[in-house]
Amino acid sequence: MPGSEGRSGASWTRALLPLLLLAGSGGCLSRPDLFPFGPGQGDLELEAGDDVVSPALELIGALRFYDQTDITSVYVTTNGLIAMSEPPADESYPGIFPPTFGAVAPFLADLDTTDGLGNVYYREDLTSSVFRLAAEHVQRGFPEVAFQPASVVVVTWESVAPYHGPGSSPAQESKRNTFQAVLASSNSSSYAIFLYPEDGLQFSTTFSKKDEDQVPAMVGFSQHLVGFQRNTDGAYNIFANDRESIGNLAKSSNSGHQGVWVFEIGSPATTNGIVPADVNLGSDDGAEYEEEEDYDLVTSHPYNEPSILSPGHKATERPHGTPTERTRSFQLPMEKFSQQHPQVIDVDEVEETGVVFSYNTDSRQTCSNNRHQCSVHAECRDYATGFCCRCVAGYTGNGRQCVAEGSPQRVNGKVKGRIFVGNSQVPVVFENTDLHSYVVMNHGRSYTAISTIPETVGYSLLPLAPIGGIIGWMFAVEQDGFKNGFSITGGEFTRQAEVTFVGHPGKLVIKQQFSGIDEHGHLTINTELEGRVPQIPYGASVHIEPYTELYHYSSSVITSSSTREYTVTDPGQEGATPSHTHTYQWRQTITFQECVHDDSRPALPSTQQLSVDSVFVLYNQGERILRYALSNSIGPVRDGSPDALQNPCYIGTHGCDTNAACRPGPGTQFTCECSIGFRGDGQTCYDIDECSEQPSVCGSHAVCNNHPGTFRCECAEGYRFSEGGVCVAVVDQRPINYCVTGLHDCDIPQRAQCIYTGGSSYACSCLPGFSGDGRACQDVDECQLSRCHPDAFCYNTPGSFTCQCKPGYQGDGFRCVPGEVEKTRCQQEREHILGAAGATDAQRPSLLGMFVPECDEHGQYVPTQCHGSTGYCWCVDRDGRELEGTRTRPGMRPPCLSTVAPPIHHGPAVPTAVIPLPPGTHLLFAQTGKIERLPLEGNTMKKTEAKALLHVPAKVIIGLAYDCVDKMVYWTDISEPSIGRASLHGGEPTTIIRQDLGSPEGIALDHLGRNIFWTDSQQDRIEVAKLDGTQRRVLFETGLVNPRGIVTDSVRGNLYWTDWNRDSPKIETSYMDGTNRRILAQHNLGLPNGLTFDAFSSQLCWVDAGTHRAECLNPAQPGRRKVLEGLQYPFAVTSYGKNLYYTDWKMNSVVAVDLAISKETDTFHPHKQTRLYGITTALSQCPQGHNYCSVNNGGCTHLCLATPGSRTCSCPDNSLGVDCIERK
C-alpha cells in the first residue's frame, strides 16, 4: 500500500482516536469530581523540579500491563508519565516514543514544578471508597465487566506549568494543567482511568529541549522495548498527539462521562494492545469539534522506526462502501506483515456512513472459553449473564481455588514493615521477611511464623496475633450454613486493618494481599505493616484471652471491628499477678471478587461470628522469630458459650486424622471422614494407592504415578494424550506434522527451522546467519562480508554479529561519525581531578599524593582501583564507591568483580537458548555475558571446537557448577544479582533465585543429595538450597569476610571454601550440614580464589592470585604441596584426570596444568579477549559412589545434608517446623 506508507508521517501528528466514536456527555468533570488527593489523603509528593523521577512506589497489589502480570512497583515523573520500571538515567523523555521502558502517559510533555509551579502527588490506595469510585468508572466504560479492585494507584498532577525554554511563548507563563491518572487492578485485570477536569488543560504544547520548539503533548501507552533495537515486538498505543486531540480530552470521553477516559491495560485481551472503552452516547450529547477529514486509526504498534506510526499487523482491505468492523480489542481483522513495510489504515479510505465501526455485542463470557479460570477440582456452569465456578464434592473453596476438605494447608509469603516503637522517633524497618503458616483444617488451628524480626520490635508485635489470625479465619471450622474465608474468597482477597491502642498515640496499619494457590499448592500472601505500637519490655510475655469477632458481609466486601484486651507480664514475674492489661481496637476491610451470575447459590448470612481461642504468641529472641497460633470457628452470632460450640468438631477435640474432615451431628455427636484420596475410619487415614488398586485407571499405554491424596497419568514414550484424555500412538495420527512432533531430521532449532509443507511432508531451512541444506547448518561469519561501518569493529557470534564504533567515533556500529559519546561518571571524575591539578596525564609528578580513578574501555569504573602513590588497592561498585573489607596492602591487587555488564551493541539479536552440548567431556567457562564450552579429548583441549554454549548479555556470570545427573549448568550472576540454570540438552535459561542475594560468587553442587551451595561476599555468608532454588538455609554467616570459591565432596559429605580476607585469608571445611567447621589452611596465603576437589584422587586444589601459586592437599592428611608457582592472576580452577584447568585474568585465557609434572602444558585464548570467570568440568557421566541422601532424600522431609557416614535432616530457614522434621 504505497499510499498508506506515504501518509504515515502525517499519522504521527494526527493520531487521535476517531472522533466519530467519541461522543461526550453533557456534564463536565469538575475538580471536586477527581479522586481525592493531597497530603491529607496520604499522598507522597514528588520532589519539585524539571524531569524528576520518583523513588519506586512499591505496590501491595500487583499491576497487570499488556501481557505482564507481576508489576509490583511503579515510578512517577514530572512529565506526565508513569513508568513500569525505573527509567534509564541516560534516556531523555519526553523524547522518542515509545521509550525503552513500560509507560502509561496521561499527558506526556515537558512539565515543570520548580519554585512552587504546581505539585505531583501519588499513592497506592486500598480504601473501600476509592475502590468504589474506581469500579464505577471502569463499569461505566465497560458495562459488561464485573470489576472489583484490589489495588488503586492514584497519581495527580496539580497546576503544573509547562517548561519555559528560549522559544517558549510568553502567553504560556500563566497557564497551568491539572489532570489525574488512576491505575485500578483486580486479581485478573488492570484498567487505567484518565481524568481531565473542565479548564484543567490550559496548554497543549510545551517547549522541547531536544527540538528547541513547541511540540504537542501525547497520550498513550508503551509496553517496553523487548530487545535492544527498536524493531522488536513490544507494543505501544498512541491516542492523542496533536493540539486538536489534546484540546478535546476535557471535552469528550470514551466512557460516557465528559473528561473521563477508561482503558483496559492488563488482561488476556491486552497482549497485543490496550483496549479503550467504547461507550457511545450519540453525537447530540457531545461538544462540537473541528472537522477532521483525514485521520488515521492507530492500533497496536511494534517498535519499528520511531519517526512513523506503524501498526503491528496489516488490516484486511475492504471495498469502498463497506463499513469496516472492529472488535473490542480495537484492532481491525489482522495478519502479520513484514516489518520492513509498515502500514497504517486511513479511515477516509472507507465510505463514511455516520458510524464507521460496529462492535460485536455478544460479550457474555461462557464456560467454553473460560474453563481455565476454574480450579481443576471445580465445575463450570453457564448462567444468563455469565459463568461461575463451583468446587466439586469433597473440595472446598470459591470454585476458582479449591482444596480437599480436611486436608492440612500451607501459606507462604513476605512481610515488610516500618514501625515506630513506643515514643521512638526512629522507625524499625524490615523487608523481605518470610512468613510461613501451617493450618490443621479440621481443627481450624493455624500456626504462623514470621522470621528475622528485629529484637527492637519483636516483643512489641506480640499482641498482633490477628496478623496470622486472618489465615485462621480463612480455614476456620464451619458450623452448618456458615462459611469461612476460603470458602468465600478462595484465598484471593485484599485485607486492610487498622489497630488503635487505647491510651497510646498513633496507630498501626496492616495491608495484606492474598494471591491464591501457587504452582506448589501453597497459598501466597504479602503483608505490609506501618505505624506505631506501644513498647513491650524485652523478655515479657503476652496473653490474649479467647475472643469473638463479627464479620459483616456485603457484595465483594467484608468488614469487622472489635475491642479486646491483652495482658503483658514483665520478665521475672511469671506466676505473679499480671502487671499490665491493655485495650486495643481493630477495624478491618476485606475486598474480594465474587461470582454474581449464580442466583441459585444460597446467600451468605449478613453477619457471622468468628470465635477464637487457644491463642498462643511467642517471640524467640535467639532465632528472631515471631510465632502466633490460634484456633478458629465460624458460626452464628451468639453470646457466651452456646451449646452448639461444644460439638467436638467446633472446639477441636474430635481426634480425627489430619487428613480427615470432622462432620458435626446432633449435640456433641460427630463423625470423622477421610479426605478424598485417603481411606480409613477417620481417626486414622491412609493414602490410597490408586495405581495399585486400579491398574487400568490411566488406560492403555499410560504410566500411573501415585501421590498423597491423588495420582497422575503420563503417556508412555511414543504416545500422547488425545483430546479425549486417552493415550494414542503418535504414528496413528495421519497426516503427521513432523515439525510439531519434533521427529524430523533438521538441524537444531538454534541453527535451522522445520517448515511444514502439508500432509506428512516438511522441509528444512537454515536460519539467517547460517548456511547449509537445513539438515546441517554452519555459522556464517558476517564479519567477512563487511557488514559493519568501515570505522567500526565487527564481532562474529553464532548466527549473528555485533558492530562497535572505533574510539573517536560514535554511532551504532552500522553508521559511525567522528565525535565522542557522552562521558560516563568515571570519565567525568577523572577529568575533574586531572583538570583541578592542571594535569592531563595521571602519571605526572604534580599528581603525587592524589587518587585518580581508572576507567575501562567502556568508561566504567575498573572494579579494582589503586592509589598511585600509596600502592593500596581496593574494590569498587558500579558507582565507584569502595567496598568495605577489600582494601589490600601495597603490592597486592584484590580480585574484584565488575557488576556492570558490557554495553550491548546494535546488531541482530543473539538467541539466548542453550546450544545443545555434543557428547563427551567439556570444560565450561564464563566470560561475562556468556558461557563457552571447550571439548576435552583425554586431557587435551580441542581448541578449534570451542563454541558458545549460552548467551545472556545482560548478566555478569561468575561461578559455574555442573549437575552430571540432569545435565544442567548452574551459575551465579552478580549484576541482578541472581542464580540461574540451563539444560545442556537445549532450551531457555531460567532464574531460580533472585531474592535476598548480595554478591553471589562461588557455587557448588551435591549431585547425590540434589542440593546447591553458594558463597555471598556481600552478605558474608554461605547458603544451601534444593536444585530448584527452594528450601534455602543459611549454613554460615559469621567468620566470613570475602568468601568466594566453594566445592563439595559429595560421597564423603564435606564442603570446602576459600575466603580471601585481606587480613586473614584462609581455606575452610565443614560437613555439608554446617557442623565440624574448621580451618584447613591459613598460612602463606595471599588471595585464594578458585577451589576444586577431585573425587578420584581426593585432592583439594586451589589457585592464589596473591602468592601466584597453585597448591593441593589431601584433607584427611597433614601437609600441602605447591603444584606451580609464577601464575599471573588466576581466578577459578577445575580438575579433570591428571590436569588442573584455571582461568587467568591477565592472560584472558584457560590454562592447563599437568599435576604429575607441575608444568603448564597448554593455553586456550578465546576469540573475544575479555575477562574470564568461573570454570567447571561437564563430565560425560557421574563419578561412582553414593551418600546417605542418594536414595529417597535420606528419609528427610526437606533438606537432606550429607555428612561422613551419615546425614542430617534440616529445615529451611523461617519454616514453622510443624511439617518439617529435623534429625540426625
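Even glycines carry a Cβ here, placed using N, Cα and C.
Residue density at Cys873 (disulfide bond): 20 other Cβ atoms are found within 10 A of its Cβ, drawing on all protein chains shown. For Cys866-Cys873, the entry in TrEMBL reads disulfide bond.
Summarising the annotation, TrEMBL assigns domain 'NIDO' to 106-268.
Here TrEMBL flags 407-644 as domain 'Nidogen G2 beta-barrel'. Each residue in the domain 'Nidogen G2 beta-barrel' (407-644) has a pLDDT score, and their mean in this model is 87.
Using a Cβ-Cβ cut-off under 8 Å and counting only residues 6 or more beyond its ends in the same chain, the domain 'EGF-like' (645-686) has close neighbours at 394-395, 404-408, 440-445, 477, 479-480, 611, 613-614, 631, 633, 635, 638, 708-710. The feature domain 'EGF-like' is assigned by TrEMBL to 645-686 (among others).
Under DSSP, residues within the domain 'EGF-like' (687-725) fall into helix, strand and coil as 4 helix, 16 strand, 19 coil. Here TrEMBL flags 687-725 (among others) as domain 'EGF-like'.
If you look up TrEMBL, you'll see 735-778 (among others) marked as domain 'EGF-like'. Residue counts of the domain 'EGF-like' (735-778) by helix, strand and coil are 4 helix, 18 strand, 22 coil (DSSP-based).
Taken from TrEMBL, the feature domain 'EGF-like' applies to 779-817 (among others). Each residue of the domain 'EGF-like' (779-817) gets a DSSP state, and the totals for helix, strand and coil are 4 helix, 18 strand, 17 coil.
According to TrEMBL, the domain 'Thyroglobulin type-1' annotation covers 823-896.
Annotation source TrEMBL lists repeat 'LDL-receptor class B' at 967-1009 (among others).
Here the repeat 'LDL-receptor class B' (1010-1052) is broken down by DSSP into helix, strand and coil counts: 0 helix, 23 strand, 20 coil. Annotation comment: TrEMBL describes 1010-1052 (among others) as repeat 'LDL-receptor class B'.
Taken from TrEMBL, the feature repeat 'LDL-receptor class B' covers 1053-1097 (among others).
What TrEMBL lists as signal peptide is 1-30.
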Write out the long-range same-chain contacts of Cys866 (disulfide bond), meaning residues 6 or more apart in sequence whose Cβ is under 8 Å from its Cβ. Glu854, Tyr872, Cys873, Trp874, Arg893
Using DSSP, tally how many residues of the domain 'Thyroglobulin type-1' (823-896) sit in helix, strand and coil. 15 helix, 11 strand, 48 coil
Taking residues 6+ outside the domain 'EGF-like' (687-725), which of them lie with a CB under 8 Å of any CB in it? 404, 407, 659, 675-679, 731
Residue counts (helix, strand, coil, in that order) that DSSP gives for the repeat 'LDL-receptor class B' (967-1009): 0 helix, 24 strand, 19 coil
